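Read through the structure below, which is laid out as structure tokens, and then see the notes.
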Amino acid sequence: MKLVVDASAIAALYVPEERSEQAERAVSQAQELHTLDLAAYEVANDLWKHARRGLLREDEASNMLEELWEFFKALKVHSYAEVLKDAFALALKHGVTVYDAAYVALAEKIGGKLLTLDRQLAEKFPALVTP
């Protein structure tokens with residue numbers, strides 16, 4: 001299965017949360033992993049927030065960023081430019097952010113499923129989201 005992994009799912013692989021195991025399981029079962037280039041910035045920003053709030057030490061966040069970089073090497077990383085127009089249309093139609101809609105547009109484009117831990121996004125696109 002082709003799987004598009006959004007920033008929320010990638011972040012859960014590094015910063016444990018209640019649905020981290022779900023993300024790990026889906027990633028391990030996928031035949032192809034895809035994401036958008038913007039995911040690196042989104043996840044790095046999430047690590048930064050955790051460090052700023054004292055939930056992670058700065059060295060922990062930096063180490064996680066290095067691990068994230070290695071993980072991205074195993075992904076097929078797509079440019080936002082590939083899906084921007086479709087993402088914008090989906091965002092307007094479904095009332096989600098263009099950021100979130102971009103992952104949906106990528107899943108549609110490659111004929112894959114979307115792994116997201118964003119419940120609102122999953123509810124808006126249940127046919128595309130992997131459980």
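Cβ coordinates come from backbone N, Cα and C, glycine included.
According to Swiss-Prot, the protein carries these features:
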DOMAIN    4-121  domain 'PINc'
BINDING   Asp6, Asp100, Asp118  Mg(2+) binding site
For this session: Report, as a single number, how many Cβ atoms besides its own are within 10 Å of the Cβ of Asp100 (Mg(2+) binding site).
Result: 23
Exercise. Once Asp6, Asp100, Asp118 are set aside, which residues in the chain still have Cβ within 8 Å of the Cβ centroid of the Mg(2+) site?
Worked result: Ala7, Ser8, Val96, Tyr99, Tyr103, Val104, Leu114, Thr116, Leu117, Leu121
Seminar exercise, completed: DSSP tally for the domain 'PINc' (4-121), helix/strand/coil in that order, comes to 79 helix, 13 strand, 26 coil
For this session: Let me know how many other Cβ atoms fall within 10 Å of the Cβ of Asp118 (Mg(2+) binding site).
Result: 18
Seminar exercise, completed: On the domain 'PINc' (4-121), the mean of the pLDDT values is 96
